[in-house]
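S.K.: According to Swiss-Prot, the protein carries these features:
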| type | residues | note |
| --- | --- | --- |
| COMPBIAS | 980-995 | compositional bias 'Low complexity' |
| COMPBIAS | 1091-1110 | compositional bias 'Low complexity' |
| COMPBIAS | 1155-1176 | compositional bias 'Low complexity' |
| COMPBIAS | 1197-1226 | compositional bias 'Low complexity' |
| DISULFID | 73-150 | disulfide bond |
| DISULFID | 96-112 | disulfide bond |
| DISULFID | 205-298 | disulfide bond |
| DISULFID | 227-256 | disulfide bond |
| REGION | 983-1152 | region '2 X 26 AA approximate repeats' |
| REPEAT | 433-468 | repeat '1-1' |
| REPEAT | 469-504 | repeat '1-2' |
| REPEAT | 505-540 | repeat '1-3' |
| REPEAT | 541-576 | repeat '1-4' |
| REPEAT | 577-612 | repeat '1-5' |
| REPEAT | 613-648 | repeat '1-6' |
| REPEAT | 649-684 | repeat '1-7' |
| REPEAT | 685-720 | repeat '1-8' |
| REPEAT | 721-756 | repeat '1-9' |
| REPEAT | 757-792 | repeat '1-10' |
| REPEAT | 983-1043 | repeat '2-1' |
| REPEAT | 1092-1152 | repeat '2-2' |
| SIGNAL | 1-17 | signal peptide |
């Protein structure tokens, strides 16, 4: 019972809901807010805010009632909301749904439903704000073409309606500021589809177009073109906002993919402009980019190609809102004939509720009746207060009679003639006179039948063509008693089945027994094809069966039978997929939608029933092949729009050919509106495509499709920017170099592989302070020389050396490294005395005292690359001893002059590579000139007889060495095509020293005679203290800003070094000191910022005793007895060195011009002067004896027996690691000899190793 009452109440509620009108009663304002920086106040640009007044009276409106506001020429609501409430004093009295017209209808609607809050005693009113955008065109659709004529620039009247209630307001619309003769473009967002409509109109050609290509595409993959929703046409005019107001067909060729659409057209008449629009889907409809193709040739003009790219952004939505006050009405019935209204006191600034007392007359009920007649009559039945009076309205209606006649026209017409004096109207129907008909039946290749009526003009003969598919054929094979076969065909009428009867002789037979599902047994004979074997199948009743049905995850059903032995029970397992669902949508009379699901058994189909309220209706007129008109209604999806299709007689035809994705050709006719021209669209299968990829000079890729005529081959031309190139240099086993380029796919990186033959190798042995040996290989660039550095541990062996023969190395390394080297000399003194007997035919003894000196030299090198990581390398070497009587001579070969020059190209990653033509160069050019005079020493003169002391004075005692090093740096032009001028740094080192050489050895067959000699041995002391000179040379290059040559600065610093020392017999350990300074002060140019100062202080004290001469081979020497006291000899050397830093700055031009160089030339001259005194005789060869004082100046040719103990280490950047530079400079305790190994490589040896090799060679 309760359920029945509930259903009854629901039915009554639905039945009582009605449509009301006039709720929206005023158009208060219409203002524009710029939602996206638009250039002008156009009607189509968001957001137009419409403020409307509304009122709801509870006496005439009930909950559930509906009312609708129609808004012509409104495209959409520019808000993310889907509804707005009509609110007064915070109470929602109605809810309104937004329905945007967009591309579907020429208007938008606001459909509202009254809420339960509205009572019969309440009258609510207020305002609602609606954010909207108007439709003034934008595509070639029929909706946009109609709305393109809604408004004009200037003052317009906007009118909305609620039923029969119109509300209006005047508004000012601004005209577009875009030049209408240029190319035009537009985009609009359709929120309901989340798509965008995009329009492109070709530039204006006053005399028409000869040809052109237009379209748009996206290469980013964030935009997809909807090829099923496009409009292509030519328009004869534009409205004030540059949108087409008409669309006509023309001949073109279309190409459309999801990435873009393009058309090619020809011969467009004067006064028309081609346009194209399409729906596009974007990853973000508020931000996307399109590239437009814009090629056209105006009649009588040259071809134009003006492509462009646009980045589209969205607008900001607005919100809808409502507010108002509440009126409470009280009603009192009176006997008056009219209604009176009394309003109680009300303050609108304080009160939210207004109370109105309504004095109304006795209510009446109207009963409407009808009758066949002409006039309307009224009658009233009165009633007292508290009851209801009745008004009876009798409304006449007319009956009709239909008269049908034939006429000569081609369509049927219907005319109703209303009789003003009688109740019978006449309907006149005129139909075309029918033609006679001829029917033709024929067969065709399709599988279905068609009937086509070809209508002739009035008075002619219509033809009905019936096309039938071929008859089906049934073949029957039977056996007969004959031994041969026959075939008979029985032909049936069209639409029937032909029979083919084959008669065969009988086959042999095989019998099979099986089970089946029936409860009885059968025997079946299966006849095989002629010549085969027939089968006799005996079927037995089956076992009882148990069937199980279950669901599984697959999309198909299976049945599995598990057969039990005879007498058992078989199992049938049925596996079913989940049921399919069929959705049925239907319409009903309610204003809301419902969804009901009806579940079917397994294997069936579930049904979802969706009930929707009725759709809006759009009427479309089209043409067809008949000579008469018809009307068809196409029902759209729920909430969509139903379409009423009116078919009209055909229009003239224009044929257009285009390509599509199928392999066959089709012809489609596009029917234009009545009186216009239909389009026949011929779709051809796509041509074969040949794709060609080539590189060009631009930095972006393009794809161009050259479309050939149907049946030929299209060409796709892909232009790619050149790939980046990575060059790799490697070594291989061949003796020649090769260069191979590996080309990567477009967008990749090409690889240039340079294969070089292996470099020659130079091996250098050095000594360091560690207890183990290591080997390090420094690989030079191709064409250079690799260096193998062997670090050996220090040895305690006593090796003969001459302290006056020293060689230092200017280390080599490759730019852009920066090297800091420090050389430390730590001397350790070990003294021992030896008495060596010498047979001189006398009983006297000549004794020799030897002081052994051991020196340890430690070198620390710090290498930093581009200011990043730094590495430190330390090494120490050097053991110096004075040879005894058993040690042999050390002979050094004269080293010829060595000159080495190289250039290097410094790449961005710090790798040095040999430069080639047309490549900017930078680097250091090093030229070394070295000459060394042979030094020959002999064993201790005390170990053999001496024939004559006077021979000693004639022995040469000068060893000279000169070294000149020149560094030249080519400029670095970073972005130009020309070499920069060079920077040259020239350092000249001139060293003069004198060396006392022992006399020659007396050969073994010499007869020596000597008088007895008494000798007193005196101690000999050698003391050495040495510091180091560290020279840093840094090259950099200033930068020019604009590619022009930077002015050069040529500071020419000069470095001069001099050393003055003196010594006396009384003070053998500390001599007098004078300091000499070296300064480097370049002249200051425009770009110069370099000042370098170097001070070198050296003090040398070198008392030296000249030894006795030795008797040469084959000489008879006689000497008188001599009493000789050997004087103590002390050699003391002190050297102090400061650091020298030379910096060269070279200009760099950032933008491609030449940069003049900065030329920095340094000249370093080192000289040695000394004075010595000793208690010995003066020797004319340049040694100091006998208390006389001899001095030496900075003259290379002058020699003294003074040892210069300066040690210079030059840190100079060089171009290649393979470059070995050897120069001679003074050093006290270190001797490094350089020899050639026969192949051009230089082998460097430390002093003690060279001495050891020489000593071993004497014994061998």
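Quick reminder: no glycine exception, Cβ is built from N, Cα and C everywhere.
Note that the structure is predicted; figures quoted are calculated from it, not measured.
Can you tell me where each of these features sits in the structure?
M.R.: Its Cβ placed at the centre, residue 73 (disulfide bond) has 22 other Cβ atoms within 10 Å. Taken residue by residue with DSSP, residue 73 (disulfide bond) is part of neither helix nor strand, so it is coil.
Note: residue 96 (disulfide bond) has non-local neighbours 69, 83, 84, 85, 86, 110, 111, 112, 113, 128, i.e. same-chain residues 6+ apart with C-beta under 8 A of its own C-beta.
In the three-state DSSP classification, residue 205 (disulfide bond) falls within coil.
DSSP classifies residue 227 (disulfide bond) as strand under the three-state reduction. Within 10 Å of the C-beta of residue 227 (disulfide bond) we count 16 further C-beta atoms, all protein chains included.
Note on the repeat '1-1' (433-468): mean pLDDT across this stretch is 86.
Here the repeat '1-2' (469-504) is broken down by DSSP into helix, strand and coil counts: 0 helix, 21 strand, 15 coil.
Note on the repeat '1-4' (541-576): residues 515-521, 602-603 of its chain, located 6 or more positions outside it, place their CB under 8 angstroms from a CB of the stretch.
Counting same-chain residues at least six beyond the ends of the repeat '1-5' (577-612), those with a Cβ under 8 angstroms from any Cβ of the stretch are 14, 17, 66, 113, 549, 551-552, 554-557, 635, 637-639.
The DSSP breakdown of the repeat '1-6' (613-648), given as helix, strand and coil counts, is 0 helix, 21 strand, 15 coil.
Residues in the repeat '1-7' (649-684) partition by DSSP class (helix H, G, I; strand E, B; coil) as 0 helix, 19 strand, 17 coil.
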S.K.: Would you mind reading off the Cα separation of residue 298 (disulfide bond) from residue 256 (disulfide bond), to the nearest angstrom?
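M.R.: Taking the Cα atoms only, residue 298 (disulfide bond) lies 25 Å from residue 256 (disulfide bond).
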S.K.: Looking only at C-alpha atoms, tell me how far residue 150 (disulfide bond) is from residue 205 (disulfide bond), rounded to the nearest Å.
M.R.: 27
S.K.: I need to check the long-range neighbours of the repeat '1-6' (613-648): which residues 6 or more away from its ends have a CB within less than 8 Å of a CB in the stretch?
M.R.: 104-105, 142, 410-412, 432, 455, 457, 585, 587-593, 671-674, 678
S.K.: What are the helix, strand and coil residue counts for the repeat '1-5' (577-612) according to DSSP?
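M.R.: Taking each residue of the repeat '1-5' (577-612) in turn, the totals are 0 helix, 21 strand, 15 coil.
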S.K.: For the disulfide-bonded residues listed here (112, 150, 256), tell me which residue's CB has the most neighbouring CB atoms inside 10 Å.
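M.R.: Output for this query is 112.
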S.K.: Please indicate, using numbers and ranges, the residues of the same chain that are 6 or more beyond the repeat '1-1' (433-468) and have a C-beta under 8 Å from a C-beta there.
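M.R.: Answer is 406-410, 494-495, 626-627.
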S.K.: Of these disulfide-bonded residues, 205, 298, which scores lowest on Cβ atoms within 10 Å?
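M.R.: Candidates: the disulfide-bonded residues 205, 298. Fewest Cβ atoms within 10 Å: 298.
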S.K.: If I take the Cα of residue 73 (disulfide bond) as reference, which of the disulfide-bonded residues 205, 227, 256 has the closest Cα?
M.R.: 227
S.K.: What Cα-Cα separation, expressed in whole Å, is found between residue 227 (disulfide bond) and residue 205 (disulfide bond)?
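M.R.: Given the Cα positions, residue 227 (disulfide bond) is 28 Å from residue 205 (disulfide bond).
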S.K.: Per DSSP, what is the residue tally for the repeat '1-4' (541-576) in helix, strand and coil?
M.R.: 0 helix, 19 strand, 17 coil
S.K.: Distance between residue 205 (disulfide bond) and residue 256 (disulfide bond) at the Cα atoms, whole Å?
M.R.: 25
S.K.: Can you count helix, strand and coil residues in the repeat '1-3' (505-540) using DSSP?
M.R.: 0 helix, 19 strand, 17 coil
